[in-house]
Amino acid sequence: MASLEEPLAPRPQGPLPAAGDEPGCGPGKLRPEPRLSAAGGGSAAGPGPAPEWPGRGRAERAAPPRPPLSSAGRPSPAGGPGALSARGGGCGWVAARAPLALAFSSRVPSSSPSFFYFWPPPPPPPPSFLPSSSAFHLPVRLPGREGAAAAAAAGGGGDAGGGGGGGQEAAPLSVPTSSSHRGGGGSGGGRRRLFLSPALQGLLLPARAGPRPPPPPRLPLGQAARRAGSPGFPGAGPGGGGQTPRRPQGASFALAAAAALLFGSDMEDGPSNNASCFRRLTECFLSPSLTDEKVKAYLSLHPQVLDEFVSESVSAETVEKWLKRKNNKSEDESAPKEVSRYQDTNMQGVVYELNSYIEQRLDTGGDNQLLLYELSSIIKIATKADGFALYFLGECNNSLCIFTPPGIKEGKPRLIPAGPITQGTTVSAYVAKSRKTLLVEDILGDERFPRGTGLESGTRIQSVLCLPIVTAIGDLIGILELYRHWGKEAFCLSHQEVATANLAWASVAIHQVQVCRGLAKQTELNDFLLDVSKTYFDNIVAIDSLLEHIMIYAKNLVNADRCALFQVDHKNKELYSDLFDIGEEKEGKPVFKKTKEIRFSIEKGIAGQVARTGEVLNIPDAYADPRFNREVDLYTGYTTRNILCMPIVSRGSVIGVVQMVNKISGSAFSKTDENNFKMFAVFCALALHCANMYHRIRHSECIYRVTMEKLSYHSICTSEEWQGLMQFTLPVRLCKEIELFHFDIGPFENMWPGIFVYMVHRSCGTSCFELEKLCRFIMSVKKNYRRVPYHNWKHAVTVAHCMYAILQNNHTLFTDLERKGLLIACLCHDLDHRGFSNSYLQKFDHPLAALYSTSTMEQHHFSQTVSILQLEGHNIFSTLSSSEYEQVLEIIRKAIIATDLALYFGNRKQLEEMYQTGSLNLNNQSHRDRVIGLMMTACDLCSVTKLWPVTKLTANDIYAEFWAEGDEMKKLGIQPIPMMDRDKKDEVPQGQLGFYNAVAIPCYTTLTQILPPTEPLLKACRDNLSQWEKVIRGEETATWISSPSVAQKAAASED
């Protein structure tokens, strides 16, 4: 027995070399590799010293670094066991050390090699050593593959690398046995031994014979990978035709045969107690660490071994079982998608160029057709086409036009008609009709296209790739036609995929550009609307400024040369305008000239038709349209090419027409221009409507001012009237009668203003108001009472007298402000009464009902009172402080509102409850307000407390006003209530009886309870009630006899 013992060598520094880069590396010869350290680094090498490499070879630098793999195919820790640098094709030379690892590369692309590692422990010590200066080679018979088979030693060993063998060449395992050899023991791991029997030494040592082959030529990684395994390439796989010298193969064939038999037995019979042939092989020469997973991995890398074995040794029944088991798996498992074509650097460059073009056009706002042409040029380069043609849809979308880019002298691109969209003509027409991509290898031999491409150079074209250009919403906008000339390779599926992907991306990108442009336009439009709004509110009356602003932006919105705006006169059925675009600019803005207004019939011209129909007209060629009036161009010398005419609609009616003339950039106004203009026209309609409405308001305001001036003249008293009142003195005989509740002011009409002045002075003092202002105020109030049957000036003075009588009999209960406010409130409580009830005004939507939803007339009375107080020389409360002024106005307001009979019922009920429970407190302001409200109702109804003849005459006046309202309701087809129906005048006594019992008697009863001095009002009301009962019974007396208390007071007053 021979033994081998060698020391561990230090690890060299520097990166690993590539396959074939170092000298002396090739088939049949060990390639120097970096040594492994004791922890797993370093390498194993063949006999002789190996140089330290300063860097990797070209192929190694070209390929990305890959981590070492574990025995299960997973990456191992850097520098750990299993680190591999073996490369080559077919079988490879492997440097063997203890422990050893075998690695095999699969037939997969060179960009992603896979290796399999064996990592056995060291064998037990053998009885003998090999000579220290020798190394043995283990030829292992493995089928030739494109990937390399390598074995590497780790821990105490290194990795191995070798070129591929050719044909059926065996892959020898080389075990260096001398410390002078590169690839000796690793550093830091002590000394290790490898023991082999003499029989094995005799079997293995003959493999050292024969010279080593020269190294393969240096090639780039990709080229080397393609040439590996090809005929004539040194180190090729099976049948490669390499020049590798053959070695003695007796031992190799014997071992390979034994391995195949044992391995086949395991595959056929399944797992057994005996190890597989491959495991036995490793147990004999390497270690017992081989597993079933490693065998499976090896077979996946070398499927031809399994193919040979299955075809020779496995029965058909067993194969059928395998197929059934395979088919039972889920059909949803899909193979990984091939994405390599989308990782091509050529396509990445195309995408970068497309991005660049899109960004440029997005910034400059270039035309989409020119942009598509430039993108098509990039796709031409990507597909290596000899040329291309770009088609766009013609008018009505039923024909194609070939796009010709602008030349040096030409300023604009051109669209040349190429023919209709139909099958049986050209390739482009066929694709436009079907909207499907078409690849034609020989266009001249295809009977579907008798006209071929339709291009002038069509005779030289052989292969054609034609693709539709479709927008994101599915609309066809063009056709891209790529072609190659005769003698060139035809387009293939990969070219179609590249062109389709890039064109689809370009379509989406252009759509995004259009969206961005739309957003930019929308932002610009929003800014304009804000600007117009600012202009409108800053100078709302200047409608000409607004129209000019609208026309300026309308031109910029659609990029038009001229603009005109006509307003519609529906009354005369005419269009008119006095603001015109003269084509000049000042400080970068168009100049509009205001001239004499021109008018023309709505039946003439394009603008007239738009005004009549309300439809948008987009005319690409004005002279081809019979509706266009050429006389305008002849008169002005201006040439009209195209027109976009838009109606301005407000409330379903056309109020104006905006006409854009001549698109500056482009052949005609586009659909996008129409859509933007429609949105703009909506705001124009709003702005014009508001401007016209404000104009009408201003006109109405002027009329209102003139009317108010007239009214003020007739509603304000003259100086003679108020000066005469200042000189008035009440007769002495009336001074006593005024103090009575039943005093009738009827016979003293000329004295009514003087009577009120007297009552104010008696109740509030002579210095409470300035006499001049008081006289002005009273006489103006008199003028503002209308001549209606009941709610007139007489009624106002009568109510004021009743309040004066109550205040005089309860003088200490009320403050000076309250007395002033209540007397003025009674005088003004029916100011400007129209003779109609609140229900009538609300039912027929009177303007007063729109102003005041509740207590309509009462709120109007208070408003009129304040208006008179605000007149010059009429503010009788001017001497009061600010707080007192507010208090007295609030007293007047509450008092006047309380005269609404609808509020009376709730107010009286609350007061009755408070009186019965003893909770009424006149020091409480809310209670006080309720009492004042009840006093105002009692004064308003005081006609029922007068002497019977006065009461009866007043009732006639009341019913005259009611019947007048009923007559108006009948005119409108509405049946009035009986109280207002003139035809039911016989029911008046019954109505009065109900009114007394429901309203008057309860009112005066509660008032008497709260203010006992007002009892004469209750007694007089009851006397009149008895008179109405007599009328109903037909017992009315010719002469009215009052109750003793009232008669006595009347006699006393006469004395």
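Note that Cβ sites are derived from N, Cα and C of the backbone, with glycine treated the same way.
3',5'-cyclic AMP binds Arg562, Cys563, Ile606, Ala607, Thr640, His791, Gln992 as Swiss-Prot records it, and from the list Gln659, Gln808, Gln1027 the residue named for this site is Gln659. Annotated divalent metal cation 1 binding in Swiss-Prot involves His829, Asp830, Asp940 plus, out of the candidates His795, His801, His811, His860, the residue His795. For the residues Thr282, Thr707, Thr945, Swiss-Prot attaches the annotation phosphothreonine to Thr282, which does not rule out the feature elsewhere. Cβ-based crowding with a 10 Å cutoff singles out His829 as the top-ranked of the recorded positions His791, His795, His829. DSSP classifies His791 (active site, proton donor) as coil under the three-state reduction. DSSP gives Asp940 (divalent metal cation 1 binding site) a helix state. Residue pair Asp940 (divalent metal cation 1 binding site) / His791 (active site, proton donor) shows a Cα separation of 10 Å. Proximity of Asp830 (divalent metal cation 1 binding site) to non-local residues of its own chain (separation of 6 or more, Cβ distance below 8 Å) is seen for Tyr785, His791, Asn792, His795, Ala796, Val799, Met857, His861, Thr899, given in sequence order.
Asp940 (divalent metal cation 1 binding site) counts 23 other C-beta atoms within 10 Å of its own C-beta, drawing on all protein chains shown. Asp830 (divalent metal cation 1 binding site) falls outside any helix or strand according to DSSP and counts as coil. One way to see the shell of the divalent metal cation 1 site is to take the Cβ centroid of His795, His829, Asp830, Asp940; the remaining same-chain residues with a Cβ within 8 Å of it are His791, Ala796, Val799, Cys826, His833, Thr899. Shown for the domain 'GAF 2' (542-688): DSSP residue counts in helix, strand and coil, namely 52 helix, 58 strand, 37 coil.
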